[in-house]
Amino acid sequence: MPSPTKAAEAATKATATSDCSCSAASVEQRAPSNAANPSSSLATSGKIGGKTQDQTAAINKQKEFAVPNETSDSGFISGPQSSQIFSEEIVPDSEEQDKDQQESAPQKEQPVVLDSGIIDEEEDQEEQEKEEEHQDTTTATADSMRLKHSADTGIPQWTVESHLVSRGEQLNNLGQSSSTQITGRSKVQSSTASTANANPSGSGATSSAPPSSINIMNAWEQFYQQNDDGDTPLHLACISGSVDVVAALIRMAPHPCLLNIQNDVAQTPLHLAALTAQPNIMRILLLAGAEPTVRDRHGNTALHLSCIAGEKQCVRALTEKFGATEIHEAHRQYGHRSNDKAVSSLSYACLPADLEIRNYDGERCVHLAAEAGHIDILRILVSHGADINAREGKSGRTPLHIAIEGCNEDLANFLLDECEKLNLETATYAGLTAYQFACIMNKSRMQNILEKRGAETVTPPDSDYDSSDIEDLDDTKMYDRFGDPRYFVSYNGGNPMTVA
């Protein structure tokens with residue numbers, strides 16, 4: 001009799017086949033009872049006499065599947081088929097979820113970059129042009145200018161070798177819009193034009209003009225920067241006396257106000273040109289629109305400094321009218337940016353306002369020239385309308401008082417002989433005329449000269465004090481006594497603050 005375990009295993013395998021018929025299922029149910037006796041199965045088939053042979057064959061075939069031998073089971077139905085069933089039930093669901101997630105997630109488009117190679121060619125061309133420009137600028141002559149603090153970085157050779165007029169041709173005139181004087185800039189323009197012609201459609205590449213080493217539109221920003229002392233290259237050029245460099249720097253200035261930049265001691269390029277006795281540079285600066293009334297830290301203008309130094313050419317450069325040739329040259333050189341009003345006013349008025357400017361000591365140009373004994377300077381100033389009777393700001397002395405104080409007979413004779421507007425009776429702030437001042441100073445020779453020229457011989461007062469001055473003197477002594485800090489120190493060892 002078969003064991004119940006094998007019968008149950010056979011029943012389980014039979015239920016896994018879903019495509020079997022109902023008759024086969026009924027035979028499978030009878031299989032456990034007939035498995036022990038094969039003859040009984042034949043009897044059973046004999047009982048089913050009404051069935052056809054095909055049905056009988058199907059029943060026998062079903063028996064073979066229902067009751068297999070122990071060695072006939074390959075595990076195909078129990079193992080792989082069952083795993084395939086589970087995989088068919090689970091895996092499709094996970095795949096469908098992955099597909100849904102992929103469809104719901106947005107797809108990022110990757111940009112497509114098309115390199116035509118034109119940009120690389122332009123960059124190589126720019127590098128080659130920069131190398132050529134660097135070679136052109138580094139081939140400077142032995143007398144090239146070198147400025148302080150590396151202020152000449154990038155200065156091309158044309159700036160150093162430029163002149164006001166060279167063989168009748170104008171150099172570096174910024175007023176000409178079509179000017180292509182910088183070699184590097186012309187090369188860049190030609191290369192840009194060739195690139196545009198080579199690629200007229202402009203498809204796939206963007207062509208732009210590469211910047212030159214020095215942009216002529218903002219070159220003044222580089223050449224008008226101040227160093228640690230506040231000096232610009234124009235200041236340094238005025239000190240060195242290089243007229244050509246000064247003219248080139250002036251042409252770069254878009255406005256005359258750049259010519260009035262002051263250094264740390266409030267000196268403009270015009271001040272430095274006066275201190276170094278550069279009349280030609282002073283004339284060029286004035287024609288270009290430089291302001292002659294700017295003061296330094298002591299209140300001196302360029303004319304004050306020239307009067308102190310006794311430089312006649314510099315004084316003439318600051319006071320004489322401009323000729324027609326100079327005005328025409330100024331308009332030709334600097335007319336593109338110079339203030340026409342400034343040029344016209346300088347050419348028809350001889351700077352009378354500058355002649356009467358006082359410095360911070362209250363002295364005018366005539367006082368400074370008289371103190372230094374520069375008769376020629378005084379002659380120039382008087383010929384241009386300077387006030388010879390002007391009083392200085394401290395004590396009210398005139399140039400005649402200064403000549404008497406210094407016992408300068410030559411200066412006194414010049415004032416008395418050549419200055420028609422000289423007033424001998426002009427008094428100081430103390431009310432002393434020139435003759436009275438000579439009496440107080442015990443200048444007998446000067447008194448005789450003044451008497452011969454018609455000065456009033458009024459003696460000065462014997463004393464400047466009256467009865468009230470004695471009381472004032474007593475008050476002064478009282479103040480000197482109690483105002484002395486040592487007085488309070490001796491008073492119980494105190495000090496002025498504790499006693500007060």
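Heads up, residue numbers simply count up from 1 along the chain you see.
Every residue, even glycine, has its Cβ placed from backbone N, Cα and C.
Feature annotation from Swiss-Prot assigns region 'Disordered' to 1-148, 171-212. The annotation compositional bias 'Low complexity' is assigned in Swiss-Prot to 1-43, 190-212. Under the heading phosphoserine, Swiss-Prot lists Ser45, Ser144, Ser395, citing sequence analysis as support. For 118-130, the entry in Swiss-Prot reads compositional bias 'Acidic residues'. Sequence annotations record features per position, and here Swiss-Prot assigns phosphothreonine to Thr183, Thr293, Thr319. Residues or ranges marked as repeat 'ANK 2' by Swiss-Prot: 265-294. What Swiss-Prot records for 298-327 is repeat 'ANK 3'. According to Swiss-Prot, the feature repeat 'ANK 5' maps to 395-424.
Remote same-chain residues near the repeat 'ANK 2' (265-294) are listed as 230, 232, 234-235, 237-239, 241, 243, 246-247, 250, 253, 256, 259, 300-303, 305-306, 309, 311, 313-314, 316-318, 322, 326-327, 329-330, 333-334, 338-339, 342-343, 346, 351, 353-354, 357 (criterion: CB distance under 8 Å, separation of at least six residues from the stretch ends).
Cβ neighbour count for Ser395 (phosphoserine): 12 (other Cβ atoms within 10 Å of its Cβ, all protein chains included). It is 12 Å from the Cα atom of Thr319 (phosphothreonine) to that of Thr293 (phosphothreonine).
Across all of the repeat 'ANK 2' (265-294), the predicted model scores a mean pLDDT of 94. Taking the Cα atom of each, Thr293 (phosphothreonine) and Ser395 (phosphoserine) are about 24 angstrom apart. With respect to Cβ neighbours within 10 Å, the modified residues Thr293, Thr319 differ, and Thr293 shows the lowest count. Taking H, G and I as helix, E and B as strand and the rest as coil, DSSP gives the repeat 'ANK 2' (265-294) the counts 17 helix, 0 strand, 13 coil. Per DSSP, the secondary structure of the repeat 'ANK 5' (395-424) breaks down as 17 helix, 0 strand, 13 coil. According to DSSP, the secondary structure content of the repeat 'ANK 3' (298-327) in residues is 20 helix, 0 strand, 10 coil.
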